[in-house]
Amino acid sequence: MSKTCNFLGLRSNTPPPFFSSTGNSPFLRASSALNLSTAASRPFGRWIRASSRRRLVLGGFGGVSLWMNNMSGSFGGKAFIASARQTNPSPVEQALNNVNWPETFPFKEEDFQRFDETSDSTFYESPRFVTHIDDPAIAALTKYYSKVLPQSDTPGVSILDMCSSWVSHYPAGYKQERIVGMGMNEEELKRNPVLTEYIVQDLNTNPKLPFEDNSFQVITNVVSVDYLTKPLVVFKEMNRILKPGGIALMSFSNRCFFTKAISIWTSTGDADHALIVGSYFHYAGGFEPPQAVDISPNPGRSDPMYVVYSRKLPMA
């Protein structure tokens, strides 16, 4: 980045570095980036006010702050830092219980701004043959997939792995008649053994999904929903291309390319992320009420792992 930028109140001529807890991933933990451990001890509304100066850089909540403040009451009135909690059910699993959704989509354009607004195609131009969550989190996601995906080699099944790369984390040897990968880097997609075909497309530039209506039984998305700058358009498209009763599975952790994640994501924690993803399903329309699952394998000791999912409503 050539121009001077302001990152968390600091002047710099370069974007912030990426950090890794595992040594093989250029990801940054959201809680480390924002130092939320202290902020999270305050009531959610107070934390929003305290962080307003930061959001002048990363984008604001717009009209969503009051709504999310009200929603935080079901989580005990606290803001949640980006780490797995050792509670059952976890705050993430409770996040979508009995939500009183506002009448209209509560997020503003600035909520989907990123620290780095340069071309995503340039950012992802070089392949990254790394995993962006640690091994226990990967194993937990693969185990979850083994339970919810159609059985391998089921006739007529089509799956879309959206925001895919060189690995999809499906069970070993998993096969279907059609598994389409949609991602940003062709070299990565070529290396993905589970895919039967792939498409290179920047969803932030073109959110239109190039598929016929009612094409897929399943859509998966791994640790990438936080990068979507036009999520409502994308989720409406997901609904269009899913078969009636088809399921969309959005999984995420607390790690990201911080400069490319949307500001509403980098300014909030895990339970709030579930609420944000759930809102995409709700306001896109045509989906069952979204649900959240905490599949974190070792809370507090390895990367957390969460899934927010919903099914397309049956046709009338």
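Placement of Cβ uses the backbone N, Cα and C atoms for every residue, glycine included.
If you check TrEMBL, you get these features:
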- 185-249: domain 'Methyltransferase type 11' (DOMAIN)
Going by DSSP, how much of the domain 'Methyltransferase type 11' (185-249) is helix, how much is strand and how much is coil, in residues? 19 helix, 19 strand, 27 coil
Mean pLDDT, the domain 'Methyltransferase type 11' (185-249)? 96
